[in-house]
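Colleague: Starting off with a structure, shown below.
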Amino acid sequence: MSSHHTTFPFDPERRVRSTLKKVFGFDSFKTPLQESATMAVVKGNKDVFVCMPTGAGKSLCYQLPALLAKGITIVVSPLIALIQDQVDHLLTLKVRVSSLNSKLSAQERKELLADLEREKPQTKILYITPEMAASSSFQPTLNSLVSRHLLSYLVVDEAHCVSQWGHDFRPDYLRLGALRSRLGHAPCVALTATATPQVQEDVFAALHLKKPVAIFKTPCFRANLFYDVQFKELISDPYGNLKDFCLKALGQEADKGLSGCGIVYCRTREACEQLAIELSCRGVNAKAYHAGLKASERTLVQNDWMEEKVPVIVATISFGMGVDKANVRFVAHWNIAKSMAGYYQESGRAGRDGKPSWCRLYYSRNDRDQVSFLIRKEVAKLQEKRGNKASDKATIMAFDALVTFCEELGCRHAAIAKYFGDALPACAKGCDHCQNPTAVRRRLEALERSSSWSKTCIGPSQGNGFDPELYEGGRKGYGDFSRYDEGSGGSGDEGRDEAHKREWNLFYQKQMQLRKGKDPKIEEFVPPDENCPLKEASSRRIPRLTVKAREHCLRLLEEALSSNRQSTRTADEADLRAKAVELEHETFRNAKVANLYKASVLKKVADIHRASKDGQPYDMGGSAKSCSAQAEPPEPNEYDIPPASHVYSLKPKRVGAGFPKGSCPFQTATELMETTRIREQAPQPERGGEHEPPSRPCGLLDEDGSEPLPGPRGEVPGGSAHYGGPSPEKKAKSSSGGSSLAKGRASKKQQLLATAAHKDSQSIARFFCRRVESPALLASAPEAEGACPSCEGVQGPPMAPEKYTGEEDGAGGHSPAPPQTEECLRERPSTCPPRDQGTPEVQPTPAKDTWKGKRPRSQQENPESQPQKRPRPSAKPSVVAEVKGSVSASEQGTLNPTAQDPFQLSAPGVSLKEAANVVVKCLTPFYKEGKFASKELFKGFARHLSHLLTQKTSPGRSVKEEAQNLIRHFFHGRARCESEADWHGLCGPQR
């Protein structure tokens, strides 16, 4: 402690007065108590406790000694705003002061810490918050100052925050006791404006102040402050009353003009806004100040008030701490405060210059009940977390003391002094009670009468039995027209209505202004980086889809493809990134909305994971290969996968009737027999080979002619068609084809003719196959190999039907149309292979070579423009209609891979929709009984069974009987369906 004495000369008092005059500009101290406290801190041989009212000069008690000391003084203050006010004030006095808080920039923080590490720091006073004092980042700096003996004082401002019995308890203040113990050689100074005896003892204990403590305490009585209480329930116009109070306190009533300023405290932000509007409308310029405003707006409002551009500021309790404004003429509380100490501290911000000032509290029992409820709720919440404590009652007791201050008769100054343990002061008419006790008593009695909760019954309030609070005075026919007896009878109600209307308009305009400021911000598009792997990364065709989201989806696809390669152990050396980029770009081009884009990416990822789970490599042929294949034909978007309605038309023609552009034309007997011979001699090409035709095959074979390879859910390697789940394009086209098929369903006579055509004796291909050895026919075979061009655009010139020889006419027995029979359809795979069967010998040849030597026949360019015509009443065209129906029914890819018999195509009269409805009704009881392991298996089996029923129907049985028969056969000896493999061996009904 002696080190502090060596700092000062032999006459420290003279040095103190010199600094007071030179730095702070005062000739003398404000009070003798302030001088005594300052000298005690300068001596430094005791810890000091200072309790002075707001504006009494507490800050000078430690600021002046800090300038005289050798080292640095650390000041702990609860609010950054309070710290900033103190720093700004000292900077104007050219004092080296700094603040270490979270709002400093990195450069400012670096410069401050560097100064503190110097041998002789230039900073004399360092302000910090209690959170900063306890932080680990500040400990090295603190230890450095302590080890070099550069810490002169530890000052704790607003020390009442240490006590749990105080009105503003902060848990972080409790950690300052440990900090004080580490700084044993440095004196500690604790300062507060409000301290009851209980709070004072808590401060001594929590901060570990060394006894004996030098206590300097000023009585809380301030003679220049006039306290009064107004009851809102008794005031007809509270806003007008507040306006009159403001003008009177500011001096306008004496025709001196407005002098000074005032503060009005409200409990909520909404009340601040509303009250500021009401005062402004009534002629008192006022602005709101609360935490809901932006920092720049709060600063502007505070500066306007400090410069007295705005005389009245309407604020929450956060305003005023550390504000050095001496000429505050009044402080009004629009709502009751939460404690007596809080009210005293806030009201004490008036009259710091010693001139008469006014403090008014607008009391309402409604406000009292609301605040009491909130306080008790906070206490209950704390008790749930940490249990009951004796200090929990302190908050409620502090609020009850303020309620007693308002509702009981007595001197206001005496009530405040009693609460803080001071001697009763000599008020000398310094409050409303001492000035006019009779008026205060009458107001309290009126408050008791007006309080509705205190009444036990409803009765007339006047002696004549008329109660103005009740309808028509409480009696029928009494006082009905009494209001018209006076000349100004109705003007009061009209005035109140106008005032209410004006208030509502102001409130409405304010709410509209608040909503206008909350318009949604427009999201700015962030351009991609230079190394962005995405295609069309800078495209903004999909709104609200960011480049970051696309890159995330690309990573998902790349990870899924990588896991697929690892699970299948394939030796594919292709770049996974390139594949993922192609998949992502394809999804991006197909989607129009961000949500649909993300859903499509997730679906692709799920498909890849499903393929990995089944042990099969994910094939991108359905997307990437089709794109490369579509680059060659001249019309890539024209019926890539033609539906049945376009492949088979009911338009009657002699030969090849109804084939659309791009489908397989009529084959002559020569071509048919040659292709049959080639099929019998040549080995069957391997399915799923690596080589693939560069273009799609005929629309018929792409839909039905190709035999699906075994695999999960009937997937075809290299293709995009799935068993029971066609692509969306195919679904759309099938639906359009199905509608035209339903309209063109064959009649009963045509169905009988189609049934007769199934007989082997009626098959015209039977006669063609016996003429294989004809050398003339063999010579024309090479030209017939390419007779089936791709459906994607290799079109031959218009052809004319070729005349048959007499032998061919006689074999048929009718006008010939052999290409539409089932045998001819079964011959087509050899001349027009599906896309997954790649053989070099059957590549399509140009149309001019294919049709060499044949007479052209008429064929329309656009099949969609052909009108649907009714078939001729002949046998063969009816067979064509039946073939068309069978292809449409089997369009989902459910043909049996090994079936080559004449019963391959579906029977007439059974649509897929009818079969599906019957199957679902029959299968539902089994699903409810738990016969299926999952709902997906139930749906898959129903789909499979529906296709079986459309393919075959036994004579004499209905679809329902066939479905029930197949279901009984399936569950015979099987308790439950566990996987899709269970129904792979299930065959359709037999004739």
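Placed from the backbone N, Cα and C atoms, the Cβ positions cover glycine too.
Grabbed the feature section from Swiss-Prot, which reads as follows:
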BINDING   CYS411, CYS427, CYS431, CYS434  Zn(2+) binding site
COMPBIAS  859-868  compositional bias 'Polar residues'
COMPBIAS  887-901  compositional bias 'Polar residues'
MOD_RES   SER488  phosphoserine
MOD_RES   SER491  phosphoserine
MOD_RES   SER727  phosphoserine
MOD_RES   SER815  phosphoserine
MOD_RES   THR839  phosphothreonine
REGION    490-620  region 'Interaction with POLR2A'
REGION    652-725  region 'Interaction with RAD51'
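In the displayed structure, how are the listed features positioned relative to their neighbours?
Modeller: Within the same chain, the residues at least 6 positions away from CYS434 (Zn(2+) binding site) whose Cβ sits under 8 Å from its Cβ are CYS411, ARG412, CYS427, ALA428, listed in sequence order.
For the region 'Interaction with RAD51' (652-725), the model's pLDDT averages out at 48.
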Colleague: Neighbours of the Zn(2+) site CYS411, CYS427, CYS431, CYS434: Cβ within 8 Å of the Cβ centroid, same chain, sequence order.
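Modeller: Leaving out the recorded residues gives TYR227, ARG412, HIS413, ALA414, ALA428, LYS429, GLY430, ASP432, HIS433, GLN435.
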Colleague: On the three-state reduction of DSSP, what should I expect for CYS434 (Zn(2+) binding site)?
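Modeller: For CYS434 (Zn(2+) binding site) - judged by DSSP and reduced to three states - the answer is helix.
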Colleague: In the structure shown, with every protein chain counted, which of the binding-site residues CYS411, CYS427, CYS431 has the densest set of Cβ atoms within 10 angstroms of its Cβ?
Modeller: CYS431
Colleague: Counting by DSSP, what is the helix, strand and coil composition of the region 'Interaction with POLR2A' (490-620)?
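Modeller: Going through the region 'Interaction with POLR2A' (490-620) residue by residue, I get 83 helix, 0 strand, 48 coil.
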